[in-house]
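A.B. asks: What TrEMBL lists as domain 'AB hydrolase-1' is 140-380. What TrEMBL records for SER220, ASP346, HIS375 is active site, charge relay system.
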Amino acid sequence: MISLDFNLNVLTRDLSHYLENQVRVGLFGSGVGLSLVLGFSAAYTCYYLISVAKKPQLISGGKKFYQFLREQCPVVSETYYPTFWCWESRIQTLLRPFVTAKPGVVYRNELIKAADGGQISLDWFDNDDSLPHPDPATRPTVLLLPGLTGTSRESYILHMVQQSRDLGYRCVVFNNRGVSGETLLTPRTYCAANTEDLETVIGHIQRTNEAAPIMAAGVSMGGMMLANYLGRKGRETCLKGVVVFSAGWDVFECTASLEKPLDRFLFNSYLTSCLQASVHRHRPVLEKCYDIDHVMKAKTIREFDERFTSIMFGYPTNDDYYHDASPVHRLKSVQVPMLCLNAADDVFSPSHAIPVEAVKQNPNLALLITCHGGHIGFLEGLWPRQSTYMDRVFKQFAKAVIEQGGRLQDLS
């Protein structure tokens with residue numbers, strides 16, 4: 001009789017030993033597999049160093065601003081090394097919210113009244129433990145504007161708050177109406193072209209801390225709103241400087257880019273649904289003035305704007321709204337130092353629409369263009385959890401404006 005009483009542990013051990021040897025011999029034993037892996041790695045590394053990792057292009061309309069940035073913000077002259085395993089534009093854009101950490105920030109919320117009876121939600125980080133600026137009356141204030149559907153809880157906003165905290169500054173985040181949980185009191189939300197709420201917020205901040213210097217940073221649509229505000233106000237603003245990230249300069253070009261099949265699938269449809277979700281939350285107050293059922297059937301941002309945004313803000317056509325919302329038309333009127341960071345591969349703001357020539361005509365403007373980075377991506381390092389290239393640009397520029405701002409008073 002042949003015994004069927006196998007020792008299961010011995011069988012498992014022998015099978016594992018066999019598989020380990022087969023994998024080792026089959027792949028690396030002859031050296032062919034190892035050579036392939038090493039060859040591919042070397043080729044990829046060469047491609048990355050030659051074609052991906054590059055110094056950004058710094059463009060300015062004046063030599064004084066250009067030299068100031070080179071001296072005070074060394075990051076503008078450094079090679080940008082995108083995360084080597086996700087340097088492609090769409091991957092950077094999609095992964096950034098998931099791979100970057102969200103620093104713990106405790107805000108103090110304040111609701112202020114708008115001229116039309118609505119309310120605006122501000123989230124303050126007072127930084128009362130600031131060692132460089134212990135006096136709250138003179139503690140520098142950084143105003144932050146999130147993107148299209150963003151709030152004070154976006155990772156890129158939290159990172160800028162963290163960078164400001166390290167510098168000893170106070171932060172306040174301007175949440176657009178209806179996006180951060182507050183009740184919408186009037187049938188009005190927000191758009192990139194209308195800067196009335198922003199003007200209200202800046203005036204409120206100035207009155208609250210009259211002796212404190214103020215600078216601002218805007219991301220995506222927040223940057224567009226800031227640029228439009230500066231173009232309208234000229235020198236009539238208390239802001240000492242502005243930095244803008246991933247702004248869309250020509251809305252026609254931005255929407256056309258996002259309507260390409262892949263980008264419509266990856267970004268356009270999702271953002272449209274986010275806008276519709278915000279409208280749905282405030283349906284009781286909005287449906288008195290707008291056809292919400294029609295708005296909820298929009299498939300793209302353009303359709304949403306045609307059915308809702310352009311109507312809300314009184315534009316004859318959506319094209320009129322898009323023209324008014326495009327900051328490129330107001331850059332010549334900006335009279336405050338403004339640094340703009342864009343990636344040449346950003347599908348939200350295509351490279352051919354980046355206003356290089358307009359920037360060259362205004363000594364108050366500077367444009368920093370990286371080859372890669374996507375939309376609000378700018379991931380760098382092996383595992384980009386803690387900091388991005390955009391964070392470093394923000395920190396260095398904020399410090400330069402606050403501490404060396406006197407050198408920027410007359411850039412002409």
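Placement of Cβ uses the backbone N, Cα and C atoms for every residue, glycine included.
Surface or core, plus neighbours and distances: that's what I need for these features.
C.D. replies: Regional average pLDDT for the domain 'AB hydrolase-1' (140-380) in the model is 97.
Around SER220 (active site, charge relay system), the same-chain residues at least 6 positions away in sequence with a Cβ under 8 Å from its Cβ are PRO146, GLY147, LEU148, GLY150, PHE245, SER246, ALA247, GLY248, PHE348, HIS375, ILE376.
Of all Cβ atoms in the protein chains displayed, 29 besides its own lie within 10 Å of the Cβ of ASP346 (active site, charge relay system).
All chains included, 26 other C-beta atoms sit within 10 angstroms of the C-beta of HIS375 (active site, charge relay system).
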